[in-house]
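Undergrad: The structure's right below; bear with me while I get my questions together.
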Amino acid sequence: MAPLLELRGITKRFPGVLANDHIDLTLEKGEIHALLGENGAGKTTLMNILYGLYSQDEGDIFVNGNKVTINEPTDAIKAGIGMVHQHFMLIPVFTVTENIMLGEEYVKAGGFLDRKKAAAKITEISDKYNLNVNPDAYVRDLPVGTQQRVEIIKILFREAEILIMDEPSAVLTPQEVDELFKIMRVLVDQGKSIIFITHKLREVMECADRITVIRGGKVIGSTTPKEADTKKLATMMVGRDVQLKIKKTKSDPKETVLNVENLRVMNSQQHLAVDDISFNVRAGEVLGIAGVQGNGQTELVRALTGLLPPTEGKIEILGQDTPQEKPRFITELGSAHIPEDRQKDGLILAFPVADNLILNTYFHEPFSKGITLQFDEIANSGNALVEKFDIRTPSVNTPVSNLSGGNQQKVIVAREFSRPIKLLIASQPTRGLDVGSIEYIHKRLMAKREEGCAILLVSTELDEIIQLSDRIAVMYRGKILDILDAQDATKEVLGLLMAGIKPSDEMKSQAKHEEQIILT
Amino acid sequence: MADTKSMQIENKQVDKKKTKSHRITFGIIYLVLAAFIWIVFVNGTDTSILTTFNMTPGGSSAYMDDWIFPTASTLSTLAFICAIAGAYQIIRGFGKFTNGILALVAGIFIFSFLSWASSGGSINLAGLLRVTVVRAVPLTLGAMAGMLCERSGTVNIAIEGMMLTSAFVSTVIASLTNLWIGMLAGVLTGGLIAWIHGVLTIKYKVDHTISGTVINIFATGITSFLSSKFLQKTDYQYLNEPGMFPQIDIPVLSKIPFVGPILFSHNMYVYAMFLLVPFLTVMLFSTRWGLRLRSVGEHPKAADTLGINVIKTRYMAVILGGMMAGFAGTYFTLGSSGRFDELLTAGRGFIALAAMLFGNYHPVGAMGAGLLFGFFDSLSAKASILKVPIPSDFLGMMPYLATIVVLAGVVGRSQAPAAAGKSYDKESL
Ligand SMILES: Nc1ncnc2c1ncn2[C@@H]1O[C@H](COP(=O)(O)OP(=O)(O)OP(=O)(O)O)[C@@H](O)[C@H]1O
Ligand SMILES: [Mg+2]
């Protein structure tokens, strides 16, 4: 029998890049097919072709053995294909119902929207797959995990049989990822088929039925979780051996670089997001900040980097008071920032790579002399950084918006690491990166630490925090619940703290935890 | 759990701190207004002087008695009310009635100004309000034109140019044929210019503001040139005699005293405004058409992934917006002055954009803002014949001043469509 979906010889060229090079791929009914590949391998491009957002230069698509022509997303929807995009496609000021029925509206006589009927269907889908979504909520008020479930309902609403999920787990907390996997299982049990893109090998091993690896726009090979292990997958992806665990030397902290006392910060809705926090980071050590997303980490980092003035408290960087200073002053002190939202705070998407690489040094020699920019210098330094940090781009003159998500992240890292810095504030520095790049960035972070840089690492990835940090602070509802030494921090203890339970209550919580397990 | 509670309480306290400074500022403004009424208006007025408000506009058959009251004592009462409102505002605050009280105090102040300006004489209040409604027409229609464009993602600052050109074309065509064909020609002219704006911004991705500015400059130039070359010359007067849409008195309703002549005794433009506002509201917010139109203005890529043709939808909205602007333009000649003169739109297209912002991109809000600006427009015309010791040129600035005050004070809070002003590029991440 013909497979549910078959891609044959798909090729796509962008100016200067061969993004997909004769890719063959099949998807059987009822399977989860994981697509692995390093940043810029061409996964998103391939999926965008399948969904009709891009058109292929060569190659054919078959559904149930019949050739289909997909020029527009409408064609894909008709062929039963749905996609959850790497960057969500939701309209914040619309309700869940409006977002879901857009393009496939239920109308009453006279052309009026039938929101009630659509909401009823959404509730029905939500119940069937246990998605727990309120159709009347506004999308802007929903946490990321719920937004993703809205995206999933959007596909199911159109009765798609083939679901494409492009890095659905990148923005989720570990708990939300577990939820997602459960949902994916239910979907597959009900006869749907899923193409699942991720960079996290653990996830692939956990939920995929089949794995295909892409590198440089070509299919490198297919395997199954039974035959492969993470080590082998990593090697297939990157084309060389990857060190998945980094070796950490004993830290030797020196003078205090960052000192924070009784800090309070308000978020944009005028709610207290950071509540009376005190800590310090010393030269040559990594302080990890763990916590479920949305517990004040974002606001803390914004306050430290001068993007959001705190309401109260003290921030000292290298002995200088900075709460009321401009970001420029703070960066000039020798502090670097890798922001959480790379597209919003880290890059000017329409600017070329070279310009993005000098965003905080352009006013210094050699990039400018007097009032003129030195374009040769900027291009030379850009080329050197692209080389050194392995940024996959056709040239330094390409707009950053045309780079793959992971490569956009590398541009930021390259910019911040190429200056002499004494303090590094890194927020989710490896979000969306492939294993090779993660290894690279982790090594770089450790090298900076060795050089005597103080590092504040904010991450929701427990593995990353445990691997890199010397001390770990856990944030919960705007407060730091505890600061642990890395040796004492097990995943379990951190997990409890992240849920807001202090280990002193350990006995109680242990009991509670077991009770919960029995109940579920 | 305890944590959550303490945090909520904390949040509330902080919220309070923030609103407290707001509260006090408002209170002080109320007190200043009260003092102003007292010192300038009451003190300069003899206690025996009366104010007369005529409640029947000139030439109307729905009669209502004049409203006569002693100026000084009435004004001191009003000053007292403002002062109380100010004091209460500072001490306790009005909570959810804050905006209502703000409107009330502003209303009292304007009323006091009118009473003082007409003390010893009379002012035709009904006439003032009637003209307010009329003057609101081009502003409201223009605001809705801008709304159609911006809600779909195209910024259109060329409303002024579209109105001006369509006013010109409608005059000429109506002079040669009849009013209805002239009006239709004006509407089509607006649509045509909007189509050009669409080609520039949607197809060629020209910056929306630049394209709009170019259209405005072009419209000003060409209409002024053609007007001075032909329409203002005696030989060609037959091209500048379009006539005007007649006034239609709505049976029964127009006979209601005071309200009738203000609302139900106008030409078809006013009624068109009354009908188009709810119509567009329903279309935008309750139909498939409106949902799709708004979606391409908020997140075109998302709309695209759901099979909505972003480019087509944007063209459609921009052209419809242009037709609406064209219709608004014909009001100036076929509905108001009966002839074309150079620059007769006098910046109303820009005030219409202010009304769109002030009305928060909603037709009903746009009409509210249109009426507000229309009131100042009407007031500046009326006040120049009163005994006010302010030069009439300054009074003529009133509608524009009101616009600036409103824009500075309110617009920060209005929520523009997220993708307004951004051209859509399909193959970009
Ligand atoms: N619109 C575009 N214009 C030009 N080049 C593009 C465009 N979209 C993608 N590319 C290039 O095509 C290549 C593949 O990109 P793609 O986004 O498919 O990678 P990916 O495998 O999804 O990577 P990631 O894991 O980082 O998301 C990259 O080199 C990218 O720079
Ligand atoms: Mg991708």
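Note: Cβ is positioned from N, Cα and C throughout, glycine not excepted.
Automated prediction, rather than curation, is the source of TrEMBL annotations.
Among the features that TrEMBL reports, transmembrane segment is placed at B:21-41, B:67-88, B:100-119, B:125-148, B:155-174, B:180-202, B:214-231, B:268-285, B:315-334, B:349-373, B:394-412.
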Undergrad: Taking residues 6+ outside the transmembrane segment (B:214-231), which of them lie with a CB under 8 Å of any CB in it?
TA: 157-158, 160-162, 164-165, 167-168, 171-172, 193, 196-197, 239-240, 339-343, 349
Undergrad: Which listed stretch (B:21-41, B:125-148, B:349-373) has the most C-beta pairs under 8 A with the transmembrane segment (B:155-174)?
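TA: Counting Cβ pairs under 8 Å, the winner is B:349-373.
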Undergrad: Decide whether the stretches the transmembrane segment (B:349-373) and the transmembrane segment (B:67-88) have at least 3 CB pairs under 8 angstroms, with pairs required to be 6 or more apart in sequence.
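TA: The answer is no, given that the two segments have fewer than 3 Cβ pairs within the 8 Å cut-off.
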Undergrad: Residue list, the transmembrane segment (B:67-88) vs rest of chain: Cβ under 8 Å, 6 or more residues beyond ends.
TA: 27-31, 33-35, 37-38, 41-42, 45-53, 55, 94, 101, 104-105, 108-109, 111-112, 115-116, 119-120, 125
Undergrad: With a Cβ cut-off under 8 Å, give me the same-chain residues at least six positions beyond the ends of the transmembrane segment (B:268-285) that come close to it.
TA: 133-134, 136-137, 140-141, 144, 147-148, 151, 245, 248, 293-294, 324, 327, 331, 335, 362-364, 366-367
Undergrad: Taking a Cβ cut-off under 8 Å, which residues six or more beyond the ends of the transmembrane segment (B:180-202) line up next to it in the same chain?
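TA: For the transmembrane segment (B:180-202), the sequence-distant neighbours (Cβ-Cβ under 8 Å, at least 6 residues beyond its ends) are 145, 149, 154, 156, 158, 161-163, 165-167, 169-174, 208, 211-212, 215, 219, 242, 311, 314-315, 318-330, 334, 423-424.
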